[in-house]
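Read through the structure below, which is laid out as C-alpha cells, and then see the notes.
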Amino acid sequence: MPLAFSEIGASQEAASFAASAYSLGFLVGCFVVAKSISDIGHIRAFASGAAITIAAAILFSVSISTPFLIFLRFLTGLATAGLFSIGDTWLNETAEDKTRGRVLAVYAIIVGVVAVFSQFLVFVVPGDIREAFVYVALFYCISILVISTTRSTPPNNKSRVPIRIRGLFDDAPAAFLGVFAMGMVSTTLLSVVPYNAAQLGVAIIDVALMVALVYLGRVLFQFPLGWLSDKIDRRIVILIATVTATVVLLLMAVLVDVDYDHSVNSFGYNSIGFAVLSIILVLLGGSLLTLYSLLVAHALDRTVPVFVSSAAVTMLLVWTLGSVTGPLIANAATTYFSDIALYWVNFAVMLCFSLYLGQRVWSVGPVSRAEQTSHADVLPTSTEMAPTEKR
C-alpha cells in the first residue's frame with residue numbers, strides 16, 4: 001500500500017492516515033466484528049471478511065481517489081481482524097494442550113514466511129504496482145474455496161473477555177508501554193518509511209526487498225528469542241532486543257540519505273553497502289517485530305491466572321492504539337521539521353522505552369520460575385493468539 005500511494009502521487013499525510021485507518025479498522029474488527037461470528041458461523045463470517053478484502057483489493061487497483069483509498073484501508077483492517085480471529089480461534093480450539101505451543105509457533109513462522117514472499121509481487125508487476133492487488137484478490141478467492149470446502153467442524157465461541165487497561169498497567173507497566181511503543185514504531189516502519197523511500201527515488205523493487213528483509217528477521221529470530229526468554233529473566237531478553245532495535249534505528253536516522261540520487265534505479269546487490277544494509281534490516285526485524293510475543297509473555301508473567309485472557313486482549317488493544325498513533329506522530333514530525341524527522345521519531349520512541357525498561361530491570365526483581373508463563377510465538381493479529389495458562 002505505501003508503494004501504491006507513492007505511485008499515484010498521494011502525499012505522506014495520506015500514507016500516514018491510511019496506516020492509521022488500517023489499524024483503527026483492525027481495532028474495530030477485533031472487538032466488534034469478531035464478536036458477531038456467532039450470528040452467522042465461522043465459515044460464512046470468514047467468507048464475508050474475505051469478500052470485503054477482495055472488493056477492496058480490486059478497488060485499490062482501479063481507484064486513485066486518496067480519501068476513498070484511506071476508507072478502503074479502514075475496511076481492510078476491519079475485515080482482516082475478523083479473518084485472523086476466525087483462524088486463530090480454530091487453531092486454539094483444535095490443537096491439544098501438549099502441542100498448542102508448537103502449532104502456534106508453526107503458524108507464526110508461516111505467516112512470517114508469507115509476509116516475506118508477498119513483497120516479491122512487485123517483481124510480477126514491475127510496471128504498475130497497483131496491478132499486484134489483482135493477485136491479492138485472487139489469493140483471497142482461493143482462501144474462500146479452501147475454507148468453504150473443509151470438513152473440519154468450526155469451534156465453539158468463547159465468552160467475552162473484559163478489557164483491563166488500568167489493571168494491565170499496574171501489573172506490568174513495562175509490557176504496557178513496550179507494546180504501545182512497538183505498535184508505534186513497527187507500523188510507521190512498515191507503512192510510512194516505505195512510502196518515504198519510494199518518494200526519495202528508491203526503486204519499488206528495492207523498497208519491497210527491504211521490507212522483505214525486515215520480515216525475514218522476524219522469521220529467523222522469533223523462536224530463538226522466545227526459547228531464550230523461557231530460560232532466563234524474560235526482561236533481559238526484551239531489553240537486549242529493544243536496545244538492538246534502538247541502535248539499528250539510530251543507524252538508520254544517521255545514515256539515511258534524504259537527498260537520494262534519483263538517477264540511481266537500484267542497489268548494487270553485490271556491493272558491501274548492500275550487504276551491510278541487509279544485515280541491518282534483518283537485525284531490525286529480528287529485534288523489533290519479535291517484541292510483541294515477548295512482551296505478551298512478560299505481561300502474563302505478572303498477571304494473576306484469572307486475568308490472563310484479559311491481559312492478552314488488552315495487550316492487543318494497546319498495540320493497536322500505538323499503531324494508530326505512530327503514523328500520525330511521524331507525519332506531524334515530518335511536516336514541521338523534515339523527512340529525516342521520521343527516522344529520529346522512531347529512534348526516540350525506542351530509546352525512551354529502552355531507558356525505562358533498563359530502570360525496571362534494575363529496580364524490580366524478576367518473577368519466580370513457578371509463576372512464569374511459557375512463551376509462544378504469537379503475532380499482533382487477534383485476541384486469540386496468546387498463551388492462556390501459566391505453568
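Even glycines carry a Cβ here, placed using N, Cα and C.
The domain 'Major facilitator superfamily (MFS) profile' (1-362) scores a mean pLDDT of 81 in the predicted structure. Summarising the annotation, TrEMBL assigns domain 'Major facilitator superfamily (MFS) profile' to 1-362.
Tertiary neighbourhood of the transmembrane segment (14-34): same-chain residues 1-2, 5-6, 49, 66, 69-71, 73-82, 85-86, 183, 187-188, 191-192, 195, 316-317, 320-321, 323-328, 330-331, 382-383, selected by CB-CB distance under 8 Å and a gap of 6+ residues from either end. Annotation comment: TrEMBL describes 14-34 (among others) as transmembrane segment.
Annotation comment: TrEMBL describes 46-64 (among others) as transmembrane segment.
Under the heading transmembrane segment, TrEMBL lists 70-91 (among others).
The transmembrane segment annotation in TrEMBL covers 103-126 (among others).
Annotation comment: TrEMBL describes 132-151 (among others) as transmembrane segment. With a threshold of 8 Å between CB atoms, the same-chain residues lying at least 6 positions outside the transmembrane segment (132-151) that come near it are 4, 43, 46-47, 50-51, 53-54, 57-58, 60-61, 121-122, 124-125.
For 172-192 (among others), the entry in TrEMBL reads transmembrane segment.
Residues or ranges marked as transmembrane segment in TrEMBL: 236-256 (among others).
Taken from TrEMBL, the feature transmembrane segment covers 268-292 (among others). Below 8 angstroms of C-beta separation, residues 178-179, 182, 185-186, 189, 210, 213-218, 220-222, 225-226, 238, 241-242, 244-245, 248-249, 251-252, 319, 350, 378-380 of the same chain, each at least six residues beyond the ends of the transmembrane segment (268-292), sit close to that stretch.
As annotated by TrEMBL, transmembrane segment applies to 304-321 (among others).
Taken from TrEMBL, the feature transmembrane segment covers 341-358 (among others). Counting only same-chain residues 6+ beyond the ends of the transmembrane segment (341-358), those with a CB under 8 A from a CB of the stretch are 174, 177-178, 181, 184-185, 188-189, 192-193, 196, 235, 238-239, 242-243, 245-246, 249-250, 252-253, 256, 288, 326, 329-330, 333-334.
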So which of 46-64, 236-256, 304-321 has the most C-beta pairs under 8 Å when paired with the transmembrane segment (172-192)?
304-321
